[in-house]
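Contents: one structure, followed by commentary.
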């Protein structure tokens with residue numbers, strides 16, 4: 001995943017200093033894209049160790065339509081704790097929008113179910129898109145969506161995915177996002193009897209927090225290792241029936257973890 005390291009270099013060399021909501025401050029660039037061929041391996045960062053358990057459980061949590069951290073905590077995942085209220089609630093964030101988008105007429109739309117059925121029915125559609133940016137509900141969310149939309153594309157029997165991200169915590173968040181959307185693409189491809197194609201990231205405000213700069217420089221001293229492979233052990237009847245134990249990451253040999261504080 002040398003392209004990720006090149007993005008770190010880009011921000012360190014070309015980023016402008018900006019104040020931000022968290023008060024930490026960032027080095028920021030605008031409008032960047034990364035591409036990953038999913039045929040070449042599962043894009044799990046190797047220049048530092050990632051917590052695979054958190055990535056998988058978070059995606060399963062989104063797909064459940066859940067917006068309370070209880071499920072995550074019960075499974076040893078704490079990545080959303082800082083934003084939850086005293087009851088563990090986060091408001092109508094990703095899971096709510098993916099599974100039960102509220103329209104102006106009061107009806108809800110299960111976008112995940114819809115997009116899978118549409119891929120099967122009309123794979124050439126240019127409307128294979130899911131959005132989490134529900135303007136009418138943004139003020140109810142503890143954290144408005146950073147990765148706010150994703151689109152699928154089918155060609156030559158392969159499913160590709162591109163996701164849009166308005167705000168990109170490049171050191172901590174982006175490696176998780178890459179792996180999460182890669183996993184989602186594999187799952188939906190399996191459900192639609194397709195192979196996987198390309199994964200594309202498109203970011204708006206792409207930044208490094210100022211308290212992540214030394215960690216990014218350390219990471220740049222490390223040589224990327226071969227990508228691992230994802231094994232999905234079974235094909236459930238629906239996208240919503242996958243369990244943590246269905247996934248295995250094979251031959252993951254990363255460099256050691258690099259600790260960095262989360263900007264809340």
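Glycine too: its Cβ is placed from the backbone N, Cα and C atoms.
Look at Swiss-Prot and you will find 146 tagged as active site, nucleophile, backed by sequence analysis. What Swiss-Prot records for 21, 126, 127, 166, 167, 168, 169, 177, 207, 208, 209 is dUMP binding site. Summarising the annotation, Swiss-Prot assigns (6R)-5,10-methylene-5,6,7,8-tetrahydrofolate binding site to 51, 169, 263 and lists sequence analysis as the type of evidence.
In the three-state DSSP reading, residue 51 ((6R)-5,10-methylene-5,6,7,8-tetrahydrofolate binding site) counts as coil. On the backbone, the CA of residue 207 (dUMP binding site) and the CA of residue 51 ((6R)-5,10-methylene-5,6,7,8-tetrahydrofolate binding site) stand 21 Å apart. Cα of residue 169 (dUMP binding site) to Cα of the residue listed as 'active site, nucleophile': a span of 9 Å.
For the binding-site residues 21, 51, 127, 207, the ranking by surrounding Cβ atoms (within 10 Å, all protein chains) places 207 first.
Around residue 167 (dUMP binding site), a 10 Å sphere centred on its CB holds 20 further CB atoms from the protein chains shown. For the (6R)-5,10-methylene-5,6,7,8-tetrahydrofolate site, whose annotated binding residues are 51, 169, 263, the maximal Cα to Cα separation is 18 Å. Among the recorded positions 51, 146, 263, the residue whose Cα lies closest in space to that of residue 209 (dUMP binding site) is 263. When Cβ atoms from all protein chains are considered, those within 10 Å of residue 263 ((6R)-5,10-methylene-5,6,7,8-tetrahydrofolate binding site) total 20, not counting its own. If you take the CA of residue 21 (dUMP binding site) and look 10 A around it, the recorded positions you hit from 51, 146, 263 are 263.
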